[in-house]
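Chemist: So TrEMBL lists these for the protein:
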type: BINDING; residues: Trp60, Tyr153, Lys288, Ser322, Arg410; note: substrate binding site
type: BINDING; residues: Gly120, Ala121, Asp259, His323, Ser324; note: pyridoxal 5'-phosphate binding site
type: MOD_RES; residues: Lys288; note: N6-(pyridoxal phosphate)lysine
Amino acid sequence: MHTPVGANSSWQQRSLRSIWHPCTQMQRAAAVPPLPIARGEGPWLIDHEGQRYFDATSSWWVNLFGHADARINAALKDQLDRLPHVMLAGCTHAPAVELAERLSALTDGVLGHCFFASDGASAVEIALKMSFHHWRNRGRSDKREFVCLRQGYHGETLGALAVTDVAVFRDAYDPLLMRAHQVMSPDTRQAGPGETAVDVAARAAAELQALFESRHEHIAALIIEPLVQGAAGMAMHDAAYLRTVRALCDRYQVSLIADEIAVGCGRTGTFFACEQAGIWPDFVCLSKGISGGTLPLSLVMTRDEIYEVFLDDDVARGFLHSHSYTGNALACRAALAVLDRFEQDDVLQRNRQRAAALSLALAPLQHDPRVEHFRQRGMIWAFDVREPFVGERFAERFHLAGRARELLIRPIGRTVYLMPPYVLDDELAVWLAQRVTATLDAVADTENAHADRTSEPSTA
Ligand SMILES: Cc1ncc(COP(=O)(O)O)c(C=O)c1O
């Protein structure tokens with residue numbers, strides 16, 4: 001195919017003239033112009049001049065089976081000719097029904113009803129509102145406060161931002177936000193000398209318990225990212241935390257909202273992250289990977305007992321929330337194709353092999369003097385670059401150095417992480433580890449240790 005020289009820069013310039021890019025300080029866009037991607041193929045993104053990039057973050061954690069996956073695409077094409085969309089109020093359609101049924105079956109029927117939305121943040125808004133409204137319908141309208149974890153991230157809309165603790169996203173809007181309680185994150189990196197991950201989890205849970213003890217009559221819900229706080233920089237915690245949290249929520253009558261938008265769909269090793277703790281929350285938010293990186297889809301699953309609290313002759317006691325594209329048929333059909341792949345390809349088991357291969361290839365980094373807190377859970381790897389090696393604009397420089405090595409990678413602050421699509425093979429794992437190490441060498445050369453500089457906050 002003819003690939004004109006300069007095609008990239010033409011798209012970049014047109015983009016900068018007309019698009020206000022998300023999560024971007026546009027003043028930096030000239031120095032870090034957007035990659036103009038023409039097509040995707042498996043884990044590769046290919047620009048307009050034929051240069052390929054390995055999508056090391058699965059395009060903001062959404063892509064599970066590579067780009068332009070043939071099976072998901074075939075399902076989408078079939079659905080496109082039948083029914084691209086119909087509103088889900090007063091109508092229903094097979095892809096939404098089947099998706100709700102199959103997801104519920106994955107919870108052994110514990111979460112029996114599914115409410116659809118579009119982006120992750122809208123699912124978070126729904127879960128918060130639903131929890132509050134369910135307490136209200138039960139005559140407990142005093143329960144209207146929310147609890148979230150320090151370093152937690154739940155999206156950018158005002159309700160989701162109110163339960164988010166990432167300063168760079170939140171601070172400007174702080175005056176607009178409802179007040180939520182923040183409690184200690186169980187992030188294992190906080191372990192003191194002799195402390196285990198379970199000890200840190202217990203410490204964090206004790207702080208939560210103290211809050212519940214004093215405020216539970218006013219608290220509607222606790223929202224957490226189970227096992228991995230993604231936007232905090234892949235902060236990982238022990239599953240023991242989730243078990244204790246479940247018990248505390250039961251004891252103090254607080255809804256437990258598991259935001260599995262980033263960690264669901266097999267990312268941590270089980271389909272739902274909560275499975276690793278052997279618990280079910282009262283609400284699960286899913287998005288991102290559920291439609292395999294094709295179309296926006298999010299949903300909130302909840303227990304039938306909660307659903308039933310909304311049944312009444314009074315319309316206003318129902319949950320009247322909606323979005324125009326709620327339960328979009330194409331997106332649901334893509335999600336069914338994703339679930340088919342999990343079933344047909346034994347994805348969770350295969351991912352264990354993939355994870356072992358990449359962990360092996362990355363093993364030398366665990367002992368690299370520039371690296372601390374090397375960690376892994378399922379198909380997520382992360383490490384922090386030690387302060388002396390960080391320097392100014394670390395994330396940006398690492399990202400650009402990655403581009404020069406066929407990597408699309410975006411550190412969060414000084415945390416470098418990998419969240420690749422589930423299509424890695426052994427050879428690609430070795431290649432990826434080599435390129436990540438070469439990128440680290442280019443950016444955090446031991447010769448150039450920056451003894452007294454600090455890292456700037458960065459975006460995911
Ligand atoms: C845990 C978590 N919750 C919510 C969101 C928000 O999802 P969206 O960007 O689709 O609104 C994200 C996005 O990164 C996330 O990681």
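Here the Cβ of each residue, glycine as well, is placed from N, Cα and C on the backbone.
Just so you know, TrEMBL annotations never went through curation; they're auto-generated.
For the listed features, I'd like the structural context: burial, neighbours, distances.
Modeler: The 10 Å shell around the Cβ of Ala121 (pyridoxal 5'-phosphate binding site) contains 22 further Cβ atoms across the protein chains shown. Look at Ala121 (pyridoxal 5'-phosphate binding site): DSSP puts it in a helix.
With a cut-off of 8 Å between CB atoms and residues at least 6 apart in sequence, the same chain places Trp60, Trp61, Val62, Gly120, Ile261, Ala262, Gly264, Cys265 near Lys288 (substrate binding site), listed in sequence order.
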Chemist: Any idea what the Cα distance is from Ala121 (pyridoxal 5'-phosphate binding site) over to Tyr153 (substrate binding site), rounded to a whole Å?
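Modeler: Given the Cα positions, Ala121 (pyridoxal 5'-phosphate binding site) is 10 Å from Tyr153 (substrate binding site).
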Chemist: Compare the C-alpha of Tyr153 (substrate binding site) with the C-alpha of each of the binding-site residues Asp259, His323, Ser324, and give the closest one.
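Modeler: Out of the listed candidates, the nearest Cα belongs to Asp259.
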Chemist: Given the binding-site residues Asp259, His323, Ser324, find the one whose Cα is closest in space to the Cα of Arg410 (substrate binding site).
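Modeler: The smallest Cα gap between Arg410 (substrate binding site) and any of the binding-site residues is with Asp259.
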Chemist: Counting every protein chain present, what is the number of Cβ atoms, excluding its own, within 10 Å of the Cβ of Asp259 (pyridoxal 5'-phosphate binding site)?
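Modeler: Counting Cβ neighbours of Asp259 (pyridoxal 5'-phosphate binding site) within 10 Å gives 32.
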Chemist: Going through the binding-site residues Asp259, Ser322, His323, Ser324, Arg410 in sequence order, which have a CB under 6 Å from an atom of ligand 1?
Modeler: Asp259
Chemist: Restricting to the record's substrate-binding residues (Trp60, Tyr153, Lys288, Ser322, Arg410), give me the longest CA-CA distance in Å as a whole number.
Modeler: 33
Chemist: Pyridoxal 5'-phosphate site residues Gly120, Ala121, Asp259, His323, Ser324: biggest Cα-Cα distance, Å?
Modeler: 22
